[in-house]
Amino acid sequence: MKLKSDFLGLLYSRGYFNQCTDLAELDQLMSKECVIAYIGFDCTARSLHIGSLMQIMILRYLQKCGHKPIVLLGNGTTKIGDPSGKDKSRTLLSSSDIQENTLGIRKVLEKFIVCGGGVSDALLVYNAEWLDKLNYIDFLRNIGRHFSVNNMLTFDSVKLRLEREQNLSFLEFNYMLLQAYDFIELNQRYNCLLQIGGSDQWGNIVNGVELGRKLKLPQLFGLTTHLLLTSTGEKMGKTADGAIWLDGEMYSPADYWQYFRNVKDEDVGRFLRLFTELPLTEIEKLENLKGYEINEAKKILATEATRICHGEKIAQDIAYDALKVFECNDHSGLPVFYVCKSEIELGLSVVKLLQVSGMEKSNSSAKRLINDKGCKINDIIILDVNYKLSLQDFCGMSYIKLSCGKKRHLKVVLESDL
């Protein structure tokens, strides 16, 4: 697709773009002038996790392309809870919890974007500023009358709950009105013309665009990104052990690096486009690496993603420590266990390896070790009890280091079949 706007062209070429309310008109506008756009985050936790990382990267690209991002922290809408993608009502948070979460999320966002008074500096705005002051009767007369309940019932966030006979509170039903109203407030206060969100927010975003039209405001635009899924179709952001937080105190930078180092081969190219700022020409070379060489691309992905989130020095230190596993460490003193190459090619489970090598007494104790994050291969934590070793884990070497806790280590040597 040929686009005039650098920003929209970037979203399209790097795989962010999903759909837009009026792409041709928005492209024309963004190619000519600085556009003010907003992305909202509700304050439901003390940090954002990597499920929000795609939106955060878009905030960065808005700035890099000369546009002005508004980050809307939903300390007002959090009091209600967004029903989108939820099977049940959210637990209502106390005012003090929302305040603490708001401060934590702000701290995370300030690592990624430049905030201030410059032309393309981000504005941090809080919707409680206007939502807390709303007069209910006036809101119903001036805003509520523009919404059709018939239409609202067709939105997935409502329809799916009702089809499953799951409770949808009147409180949550109002959420889409408040999100639409946020867009109107941001337009009138800051001349914001564009709202960006995940594809699950399409209905809410369109509501805001339509409300602006009915109120005879300048044309507003909505744009959505693809939902962040892995190659296996799983929603990204959480593992079996919990969320991958962007706050280094809640999820260590080293674990963050390892998370990206451990992604599936099929995800490497896409994640390089989404979560790094490497040129596309370089990414194309990296994603074409085959066999164990793909691990080099994974290391670059992990280091670049960690750099953006936690800073250059921390990322380089973690990458260097990982490199020392083979290139600097001497593993000659470790006990040795031999495995046949054919076993690895067939897929040797880590649980079985722990048991047959004598590192663990039984399969159940091996699984407990993995669930407790005590098992590492080449100092990378194994999180999946069903994980199977492949030749790629050997990174072109003749052995791997298998660790159980901090003190027990084994050198697993690849042996050719006779």
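Keep in mind that glycine also has a Cβ here, set from the backbone N, Cα and C atoms.
It is 43-52, from the ranges 43-52, 63-72, 193-202, 323-332, that Swiss-Prot records as motif ''HIGH' region'. Which of 165-169, 235-239, 265-269 counts as motif ''KMSKS' region' depends on Swiss-Prot, and there it is 235-239.
Remote same-chain partners of the motif ''HIGH' region' (43-52), defined as residues 6 or more beyond its termini with a Cβ less than 8 Å from a stretch Cβ, comprise 73-75, 78, 81, 90, 93, 98, 100-102, 104-105, 108-109, 228, 235-238, 243-247, 250-251, 259.
Fewest other C-beta atoms within 10 angstroms, among the binding-site residues TYR38, TYR175, are seen around TYR175. According to DSSP, GLN179 (L-tyrosine binding site) sits within a helical segment. The average pLDDT computed over the motif ''KMSKS' region' (235-239) stands at 66.
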